[in-house]
């Protein structure tokens, strides 16, 4: 029995996409806000240089996170964006570092049970809020790389989350029509606003968080006024502001994380904490509000009318401008006026109203009284106004807006608004608009206005529609792809695959094959024409009208559905909906303009079939021609005579694709009924029926050259590698999202190209790595188990109860169990076992952890184990531990405290362990002495850490003061030098002028 070695195929490159999905964002680099833009593209995030119109970076999540759905750039630090947060379809949030070393592994937060729908950073960039289709909001700390809290309250998809700039408040909106205001400090929703629309799709905060703009299902934008009470708990400033210093004089007990009232010693102190706080410098207590709703008063101010109907797709605010886009390609820009402009508009409005009253009222006294009764309060028309409705290239999928206020525009008193628009046809454009002047758009010449306002248009690196046909050249160095709108040629490279030529199509083309010589392509159109396209110039050198006609007339021309080259490359076979198969041959004919050129000649050989043809293939050995029709039948003909050889049956749905092996002995048929049929061509026998090969149906199949191995692809987005002799599946390639339309193999079989519904083109290359089928099946089983655990939340169903968390709790912990949690638990248990084994057998062999880390102290080794676990996984691993293991961990931390070796990670582990197991620890006699000792050690460590941080802060402040004084001295000396230079230049000019005057006299 011969042993067959199979080589593994791996993903090589992804190209042909400019941007997909629903997210785009400008990236600030070196204080330039409009030169770079990041877009979601399948499972990648691509960064484009808008000046050079090239791709400069591709970011990919190492975990199997699915398609990238949403992204958000961190606020610039020192003039550059440092991080990029990306939300994925499987609920992951990845934080990429885009400044400096791009090889840093991203931080991954496992926070949601479904796709992420919204992301936002706070003003400082230290906190990240993410929302998903599961109706939950997760607040994460970027610095410590951990989740802070999970907020639950929305019923359905959360569409947007925003941080307020003036208060520590989070605002969220959802498709349930509710807008919620969350106090971050207490993790509590203190106000819920029901918008005047069934679904809220986006929101925006403007005018220092005093105005809330809501986009819903209709053609208007709702505007709400927000006003907080003076002494509301939600009125504190963001962390780092003045509110953070108001708690210095609080009487709260020290070590508040370990306030275990076991003896009743702190009962009196705890009752004191319930007293309402006192205002600084007064003796009066604050009167707390009667309910949460009284903290914030909301008033409906009116509506802003959009230019077109349909729901709102997104709102983007930058500076005093608000951009809104909807379903039907409308891009409206509104201006939010400042206080001076508002007062001026109010003054003009009142003046007009008084003038109108004097003209209409007969009694002057009554007119004066009515004019005094008019309100001088600003109205919505005084605060906001629509300035322009910009024309766009098509339907917008995502939008990012930035206001360029650089020095050159300040000098010319201009404000340029730059809008990066991602379209649903795989293209990206950047538009600009001068917002300083009056908006003037000539809607009669929208194309000219669009070209004038378009800064750049990225469209050549991808098709505008799905790729229907892809085929390698005879050498394999060029790939030709066909879509409804164009034919593109791609150069295959080891570094980057790029588009060489793009040839627009004037008519709808269904199928294509590359002619011999790789210089021409034969196109079959929907009108029954056969066109010969020159791949070097893009010209159609020959157009055969009515190659396939219905009832033999040109007026009844029908679609050409299939083309196939003969084995010798000298002929072509075409088929269409006219139920005929025609044979053609290639010939060189004379041409007056170009000498001799390639041409198609009809051989008059025609075969009639019983139904429309869906696929035609020729065997590589030149013996047979296979024709598949819509009556679920395949017919084999002899190539030389076109006489019947065999008819193949047994399918319930029509055939989508067929492929012959290199020796012509095997025919593989892919059907819409999810099956693969393997037939022998000599006797027409069906050797194997592979059921459920692809969920939803098989779309394409092709044999690898000089082998009996073949590839198949289907509507499930999977590519499967098969052995036609043993009928075994070798491996499965994953990457596409959605239906795979076509695939193509190089003649050598070392490179596979696929194109799918996600508008991406992918190369898969054959490696030298040999795979074992049993190991491959085991890896697939593990992968399936992990996916089932994530989808069905098997691990989440086994999570232990945590104090304070109930089914209807508004705020719960941010972390959730994942398949990585078990690995973290195993590491902690191994560290506990290592310490126990070292104490029991000090003279025995060393534990493998001690050998791994090169340590001799077991406590130091256990601390190293805790530090090696990722911050995003450590908390959940501690929560999942049972009580005996929790006691062991606390005991080890207590011994670390006795030796003065506590760290921030150790204290965090202690806090999480005590909080989540408070009930069990309070009832355990063994835990009480451990907790008392650990409380003292943690209090001492925190006090020392606070003193150290305070000393360092004071030292840094002193260094900053010295540097500022030094800079002031430098600035003063520089100013004196510049003044001396100007005086010297002025004196030189005056002397030159005097000399000129003397010479004239």
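Cβ coordinates come from backbone N, Cα and C, glycine included.
According to TrEMBL, the feature region 'Disordered' maps to residues 775-797, out of the candidate ranges 752-774, 775-797, 798-820. Range 233-254 is the one annotated as region 'Disordered', of 233-254, 255-276, 277-298, 299-320 (source: TrEMBL). When DSSP labels each residue, the repeat 'WD' (553-587) comes out as 3 helix, 21 strand, 11 coil, counted as helix, strand and coil in that order. Under DSSP, residues within the repeat 'WD' (109-150) fall into helix, strand and coil as 0 helix, 25 strand, 17 coil. Long-range neighbours of the repeat 'WD' (733-764) within the same chain, counting only residues 6 or more positions beyond its ends whose Cβ lies under 8 Å from a Cβ of the stretch, are 9-17, 20, 41-43, 66-67, 426, 462-463, 466-472, 474-476, 479, 481, 490, 492, 497, 696, 699-700, 702-707, 711, 713-715, 717-721.
For the repeat 'WD' (109-150), the list of distant contacts is 66, 69-72, 74-75, 77, 82-83, 85-95, 156-163, 165, 170, 172, 174, 182, 184, 187, 238-240, 793, 811-816, 818, 820, 870-872, 874-875: same-chain residues at least six beyond its ends, Cβ to Cβ under 8 Å. Secondary structure of the repeat 'WD' (151-192) per DSSP, as helix, strand and coil residue counts: 0 helix, 25 strand, 17 coil. Shown for the repeat 'WD' (733-764): DSSP residue counts in helix, strand and coil, namely 0 helix, 18 strand, 14 coil. Counted with DSSP, the compositional bias 'Basic and acidic residues' (775-785) comes out as 11 helix, 0 strand, 0 coil.
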